[in-house]
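Peer 1: Submitted below is the structure of interest, expressed as structure tokens.
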Amino acid sequence: MRLQRSPALAAVLIIITCVCAFYTTAAINIPLEIEQPPTITAQPPSSLIAFPFDESFPMTCEAKGNPRPEFRWTKNGQEFNHSVDPRLMKEENSGTFVIPNNGNLTEYQGTYRCYASNTLGTAVSQEVEFIVSNEPKFPKETLDPVKVDEGQPFILKCDPPTGIPPLQIYWMTINMQHIQQDERVSVGLNGDLYFSHAVEKDSRTDYCCFASFPRIRTIVQKTAMSVHVKPRARDSSESANAILERRPSLLTPPGVQSEKQLVKGDDLELECIPEGIPTPKVEWVKIGLGLPDGAEVENHGKLLIIPRADQKDSGKYMCKAKNPLGEAVHYFTVTVEEPPEWVSEPQSQLSMIGTDVLIKCSARGTPEPSITWRVNGVPLKDSPAANRRIFDDTIIIRNSKASDSAVYQCEASNRHGSLLSNANIMIRNLPPMILTKDGEGYFAVESRGVTLHCNAFSSPPSTITWSKDDSSESVEGSRFKIHDDGSLEISRAEKSDAGQYTCLAKNTEGSSNIDAMLYVKDATRIVVTPEDQQILKGSEALLSCLAEYDESFSHDFELVWEKDDIEISFNDTVNLRYFVEDSVLHIVNVSHGDQGVYRCVARTPVDQDEASALLMVLDVPDAPENLVLSEHRGRSVKLTWIPGDDHNSSITDFIIEYEENKWEMGKWRELLRVSRNQNSAVLRLHGHVEYRFRVYGVNSVGAGPPSKPTEMYRTPPAAPDKNPENIKIEGHLPHEMDINWEPLLPIEHNGPGLEYKVSYRRQDVEEEWTEHTVKRHSFVVKNTPTFVPYEIKVQAKNNQGWGPEPRIVSGYSGEDSFFWICPQEVTSVPSTAPDDVAVEVMNSSVVKVTWTPVHKDKLRGHLGGYRINWWRLRSLVDSKKRHGDKHMLTFPGDRNHATVPGLTPFSEYSLIVMTFNGRGNGPGSHPINFKTPEGVPEKNPVFRVTDVQRHSISLTWTPPSEPNGILTGYLLEYQLINGTEEVGALQTIDINNPKTSKWVLRDLEPLSKYKLYLRSCTTKGCGPVVSEECTTDLETTPLLFNVSLAASSSFANISWISGGEHAEFYIAYKNKREGHWKISEALNTSLTSHTIDGLEPETEYIVRLIPISRVDNYSIFEDVIMTPGLASVHGGISTQGWFIGLMCAIALLTLIVLIACFVNRNKGGKYSVKEKEDLHPDVESQGMNDDTFCEYSDNDEKPLKGSQHSLSREIKAGDSGDSLVDYGDEDAQFNEDGSFIGEYGPRKEKRVSAEIKAPVQTPA
């Protein structure tokens, strides 16, 4: 019943609404401690379908209230006592019952509603329809065959059975083959199969309609239908396939217009299926507007679908079927309707006694919903009340009393559904009841917000105030805010905010209060965050995460690691490769599955901080896949592939390899390299070969695994594609020319029968090519003129034909020759030395050498280059001449100057220059002597601390091995270091006496560490520094006195005298060149000596005595010793009696031999010619090397007939320090590749022999 609204009544309603709004609490949540009517908390859906495969079907109804509600049900509007049916399963204190699927369910089919009641009212659930689905079946029937003339339309009816939607229709043959659909044949929305016109191929006997019901998992089949198409009779004037054409008409829908209604949210589907010849095409339009966005046309244009239609899709639509003979149209009037939807849903209310209560309920929908009111489940008209009125969509209760408390139901319905809402109306006056627990503790984080709760329930509503620490004043400030629900929000909490807070709730009926404690903690903060990483597979990843947090949470703090939002469990056997150590996450043996986002979460009970890092795993590319060979064209084929995963490192290249089964089966070789943006390549191949191919990718990590190989591909034979390369023309002998070349690889033969055609002719005369065919890869041309140019070419051929035109190369026949010593020996080295050799000193270690090149007529072959030999005669500090090691540099090519580096400053050198060709070195030039200027000295080999006192340090050193000039003195520096970052000022002492080798530093700090530096100086400056560290002492008594060393070839003996107090020390020694210290066991000063074993002969050693209490570089004693050779006599036995007697015997025997030699010399005389040969050897001898047939020798073991040698001459030859004999003719090792590297060869001593052999002497 609707009332007529008047202006006066509307004004009264507005006033009442304002007053009620002031005193009413909407959408209340009343605590169960207070008496209240029932509230439905769970109810069934609007429909419940009994699927046959479900075990049971729950009818849910749950409610809360005080007193506890009781439940009852109605079925189809009648009372239904579910508790008396033993088949139904019930739950205690619940309205829910369960219908089991163990029998006939049809008797339970119907519409149910649940009621929950207590003494204060009744709440009602929405209606639920329990639907029992029957198994859909097609009727058993006998269908007559469908007979149709060719060209006529026809329809096969499906008429599917009813069942639980959705319904899906399929047309298939008896063999489950789908009937092909197109513009002529299609299935309609009703399931029928439409044919626009019949053709002969439509004739068949097994048209079957299948209806599928997915929700009940059922498919049913209709009896197969038979169609017979009668071919149309054709006149002789008609073509064989001629069929009379026909304008379109619509098989469905019938007529020219129809109406379509649907519910908002459903898909709008409009269908037009035409017939005609030719087959018509269908067009869709919306009258006055274009088709909506999202509109779809399916079923070959016959079906228009607008998904999820709404009000704007209502209107008029038209379909038009056209062919060349005309068109047919149909109009659709579409109306989109809506089920009910709340505009204003009634709300539960708690109101004061004596106030006016308004309950509003309105809904919208299409058609417009009807509104039905109930109170406690009873229609409003059946439960009258004097103070209750209905005004349009609102119930007004005037001057409400406690007895007016009830549950009001409002239901809005139209043909598309219904809505039901319960509103609990409570009329009571209540003092405040604070629902939040008293004494609650809250934790806040400094500089962040916190909320303290105070949920109060009362009628009328309470006023909430908050105070702190027993203060009567309410908290104030911009950081404090009290919300409508009573909670106190504190923003940007400070440490001073900590304390006890009191919430006071007060209304006209009374007051209540609770306390709360607030603790303000330091914020949790990650200070070291994990960083993004790219890491190689198989290595170890390290992710750091270090956090700061409030110290009070030391037992409650946890650091959690997550991967891709899933926490990592370190106790899980799956994650054995993960562990955390010192706030670092270790991932051992990283695999591809470890890639992802890792999050570190630092968590306390009150807050947390987190940081993330991306871990990318790098690896070689995966193997390419799907290799395909295509475009086969004899000796070329196209290979395509699909690249594998690059594992976060872009592929740079693809390598294509091949394997052939004829020459090197099982061996893969690279064929082609292509760039990363290619996944195919055309392969150029050799002939007469069976190939297989594979591909692998390369990225910055490395080469990935190869793909699976392709199938075999065989190429046809062909003529050679290339000729031999690297043709070499050599003249090992006069009048011959050797021609050699690199043979073609077996795979390059391109077919059987490979041979080479060698062609040659002289270059300097006009003559025809001389040709020879050979199978080997060399050929010798006989009887050639000496060293004349030739043109040569070599061409390959096989049974298929000749290779390409060969390239012409030039070469020379055999070089000139002459005989030397051995008649069978041939040599052809350059015949003269460079002239005008001069030396220009560039600095103390580099000189520039110039010369006049040797004329080509004297080269006797191809010029190889020039060699410079030089040797050091003496140091200018020492006037005594002695040969140093000989050095050599090779300079390829034709040149007239070179630079010689690496010389020792302040020295005298000698130098010769020679040229060389393919046979060897020519004679050397006349030696040139030169001097290098003064430089800075080398390091001092010994610099050590000999004594340490409280305020002084004693030092000793030896001069540099190479002063590189005249020493002017030493620069001694020292500074205090004491193990701190700051060091003391550098103190400098200039020692101007070069003979000084000791110094005492005085006035030092006791127990302090000093760094000591020493450099030797010349007029050119000071050399490199040598340093020591030492700590001054408290005691002044030295540990050891009179330390001495005696060395043998394999051991050394150290002796000493103890300083009095017994202490322990080490002996450390090392090979001066190798630099690895060896340390003895601890020794006591009470001993008097120690022997070091295992030394090498002729080796320098540094020996130190180090106190065991020292940790720095301080030593008691340091010296350098040189072990003698194996033939030497140990110094330790030189003073023994038997040794002295042996030496005397040897001396007497030596004297007798000398007398015998002197007599023999006087008898035989001196062979002066031989001495001259030794001092001035023939320059031709300098060209001999190991490549000649007979080695040239000037050895005295083959003396000239009748010659005699004296001991004096033998000694003279051996002692000559700057003789050209020793340095001019030595063929030392050298490089011929043009590198600027000096080769150092050992000095080759001149060997001499005598008729009378002297016994071997061992020097003392």
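Just so you know, glycine gets a Cβ as well, placed from its N, Cα and C.
What TrEMBL shows for this protein is this:
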SIGNAL    1-21  signal peptide
DOMAIN    38-129  domain 'Ig-like'
DOMAIN    136-226  domain 'Ig-like'
DOMAIN    248-335  domain 'Ig-like'
DOMAIN    340-426  domain 'Ig-like'
DOMAIN    431-519  domain 'Ig-like'
DOMAIN    524-612  domain 'Ig-like'
DOMAIN    623-718  domain 'Fibronectin type-III'
REGION    705-724  region 'Disordered'
DOMAIN    723-816  domain 'Fibronectin type-III'
DOMAIN    833-935  domain 'Fibronectin type-III'
DOMAIN    937-1036  domain 'Fibronectin type-III'
DOMAIN    1037-1126  domain 'Fibronectin type-III'
TRANSMEM  1138-1159  transmembrane segment
REGION    1173-1260  region 'Disordered'
COMPBIAS  1241-1250  compositional bias 'Basic and acidic residues'
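Thinking about packing and proximity, how do these listed features fit into the structure?
Peer 2: Restricting the average to the domain 'Ig-like' (136-226) gives a pLDDT of 92.
Sorting each residue of the domain 'Ig-like' (248-335) by its DSSP state yields 3 helix, 54 strand, 31 coil.
Within the same chain, residues 620, 622-625, 627-629, 632, 634-635, 637, 639, 641, 657, 659, 661, 668, 685-696, 741-744, 748-752, 754, 756, 777, 794-804, 806-807 sit at least 6 positions outside the region 'Disordered' (705-724) and bring their C-beta atoms closer than 8 Å to a C-beta of that stretch.
In terms of DSSP secondary structure, the domain 'Fibronectin type-III' (937-1036) contains 0 helix, 46 strand, 54 coil.
When DSSP labels each residue, the domain 'Fibronectin type-III' (1037-1126) comes out as 0 helix, 45 strand, 45 coil, counted as helix, strand and coil in that order.
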Peer 1: Rank 136-226, 248-335, 340-426, 833-935, 1037-1126 by Cβ pairs under 8 Å to the domain 'Ig-like' (38-129) and hand me the top one.
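Peer 2: The stretch with the most close Cβ contacts to the domain 'Ig-like' (38-129) is 340-426.
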Peer 1: In the region 'Disordered' (705-724), how many residues does DSSP assign to helix, to strand and to coil?
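Peer 2: Residue counts for the region 'Disordered' (705-724) by secondary structure: 0 helix, 2 strand, 18 coil.
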Peer 1: Tell me the residue counts in helix, strand and coil for the domain 'Fibronectin type-III' (833-935), as DSSP assigns them.
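Peer 2: Its residues fall into 3 helix, 54 strand, 46 coil.
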Peer 1: Out of 136-226, 937-1036, 1037-1126, what stretch is closest in contact terms to the domain 'Ig-like' (248-335), meaning most Cβ pairs under 8 angstroms?
Peer 2: 136-226
